[in-house]
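To keep things clear, I will list the structure first and then write my remarks on it.
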Ligand code: OOB
């Protein structure tokens, strides 16, 4: 079957399943629109699933025809007076959340915001977020969920791409004044008619005033876009990911079931709530779907999160791996009682097996690995997986209807257990990015598989091990070296706490391998010592770093993953200085 993407060189196979690298396939992606074009987007910008496939997801009950607004209505009918949201001093029952959403929907309509309009949302974790999310759903307006760390580059781009009519911000958060950003965004996106501010509005409209007598609005089409997520990539400008009411509701409900949430669950959202992971994997929406309570933490810092865990008896939370050592360190001296914590979900980037193994003792809870993407597919380790499966794998797919392929550089399925690129389609995985025909022509196969760019291998149990990114390779002397593999070896050195391997341009070798390391202790190993250590481990000479660069901390993306782009920029600046 023709694949959308073919790489210029076959993957170097490896029977033991050690990380291997595919060559970047930028160039070859251009030669791939061969057969069928994907179905054209709907007027909303959604690339629909083929009719027969959609019918199958309806018949199986995955897509239940309820909008996010209806879901809240139904949860309120079932759990009305239970506590739904805790945010600072604000405590909302399901009924209060439902009423507030209705009132805000009417207020937004009075401002002229209509079904189908896009609204840029950039709010920290606060009570305003869930109210606004459900208010927009009631109205059929579409939130584009940006992260608090985004700035004019991202927000300006997303405002233009979405043609948003309104932008909802906090006044200030983490020392940053979003009203100033709003002025800059409005200058770039003249279609932005309203800026609504949670807190002190300055020259804009107070979100608290967007509140009036509730009235009914026609329920939007559950098969159409409920919200737009921002793609998590660390390269290029962000893309918008349309998620439908049907698919996102299923995402949240099925996740809640796989993670065994119940009405007794108290979920702490400490990652930015606009990110798919804390929002719906199972996150806030999954917790609400079973009558649990969602506690919104202003940040994932132990100083913010631990007192909330103690006060609200939090049972579940989610972190990206770079934050976990902060928590395990803090747990040693912080007096807060975090004994209510039952499950720590770790996802967003690879969790080192050694770190995974320390979590139960350090934090007194079990760990669950989550390998997910805003584009859809979610993999979870399950409560009945043995501890080594939990430490060593990134879980198995959420749905029986997730179709996974693992392919080599020419788009052929690899042999079982071999590493290849993960392709996926299924009941909650997108069929096309929002308003991005050129990207869509290469990011999807003609038969609708999303090409994730993740290198994985699959165990006979169905669990996946993430081995790196197709493009996260360093091309040194004609050899393609997996950055992830170098990182794993370098991190094994006793003087290294964390490592990111990046390629730096080099006239002779194409790229040089630079190991950027956070030392464990007073100093990092010298280049010579590190190379000797890796040779001793049996690492091939062509994978040895050409340079070691000690840093106190690795730069992180808006959600907290290691940001290699800014790392390379930082090194280039250091070299120029
Ligand atoms: C989550 O979503 P995104 O969209 O910010 O990032 C997705 C990408 C994946 O394609 C993969 O490259 C990486 O992040 N990733 C992991 C991982 N989880 C995500 N790489 C290794 N191990 C993992 N456990 O990051 C996301 C969305 C929903 C739930 C959890 C994470």
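Cβ atoms here come from the backbone N, Cα and C positions, even for glycine.
Unlike curated records, TrEMBL annotations are generated automatically.
It should be emphasised that the depicted structure is a prediction, and the values quoted were computed from it without experimental measurement.
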Which listed span TrEMBL calls region 'Disordered', if the choices are 1-48, 49-96: 1-48
Secondary structure tally of the domain 'AMP-binding enzyme C-terminal' (485-561) (DSSP, helix then strand then coil): 20 helix, 26 strand, 31 coil
Predicted model, mean pLDDT over the domain 'AMP-binding enzyme C-terminal' (485-561): 93
